[in-house]
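Only one structure is covered here, and it is reproduced in the block below.
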């Protein structure tokens, strides 16, 4: 007689236990979320699960579309179960609260944010599981040729860029082929015998300009996505130590890279800008930023590295190219620069045939202008400080001579005092 009663009691208890477990899972998911962590910015930082066994570092600049949100249907199969094309891959994929599952064919599933699905283009080839009716065109992994988008992010193909534009409802275009940042007219990186060429001052200056433009694109894109406010902690400390000239995309990028929030960038943090394959001068550039040679870059060193003035001769050449190129006036003097962007010792005007000697800053040495080639090595060689016209003196000898002269003067004054007397 008790068996039916027990059955009626067990069923409600089981339902209550199942409800408690479901509530616990929901709380665990909520606690596991990372609220406002700027290192989880979907636009250009990948998640911690993207460590590579080969690369041995966290590639924060990985293609945003090719991230861990894409799951393989084959990985979810158990044992030797045969592939069933009638099954839905989204059946075994659990997305977070704010995402919905999209089936791409019968082997792949993708969890997409609901916000990104608000303005999608409807595609009948891809099925959406949720209350959204539109979807963006999928991309095939075989068609890979990286491009740099107008938002400053690198995409594995043009299709990926178009897909991201569709997902985010943004107008994106290809800035250049290959990864970001887009190169300008790059000088040759190797000599005729195949040996690598050292990075000159002009190479480092050009690289700094490209990186600064790239950082600005990333910063603007972050503002549009509303993720700039999530870095208020590190940025507030940064603002206290940086000058006004560095409170822009340069300072913002520093706070992004400074994961330890100690206002220093060590080699591990700098390695997040993984461009060694495409920018041969990237490591020499960051090494040049470390003016104290302590193995890390401070906030002041970082700002100075990007806002330092270009060498004078190189800056003059660029000014001539910008201002004088359109006028096309004949007889314009073009200075001769060395490999580091400073003036060569001898400068010549091709139109008049006159030559003269200058210092590194381009200041003409008096009396050196002549019709021909002056011997600037002998003229400038007299000066220890190049181009100053003043020879160095031995400070110790100079101090010894001055001390001797002072001693003689004191002896002379004492003698004059002893010889003094009265005439009666």
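Just so you know, glycine gets a Cβ as well, placed from its N, Cα and C.
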Selected residue, Swiss-Prot feature phosphoserine, from candidates 52, 72, 150, 190: 72
Inter-residue C-alpha distance, residue 313 (disulfide bond) and residue 95 (disulfide bond) (nearest angstrom): 58
Per DSSP, three-state class assigned to residue 180 (disulfide bond): coil
Packing count at residue 180 (disulfide bond) (other Cβ atoms within 10 Å of its Cβ): 26
Position of peak Cβ density within 10 Å, selected from the disulfide-bonded residues 159, 166, 313: 313
Site of maximum Cβ density within 10 Å, from disulfide-bonded residues 111, 337, 348, 357: 357
From disulfide-bonded residues 111, 166, 180, 355, the one whose Cα lies nearest residue 139 (disulfide bond): 166
Segment-level pLDDT (mean, integer) for the domain 'Kazal-like' (130-182): 75
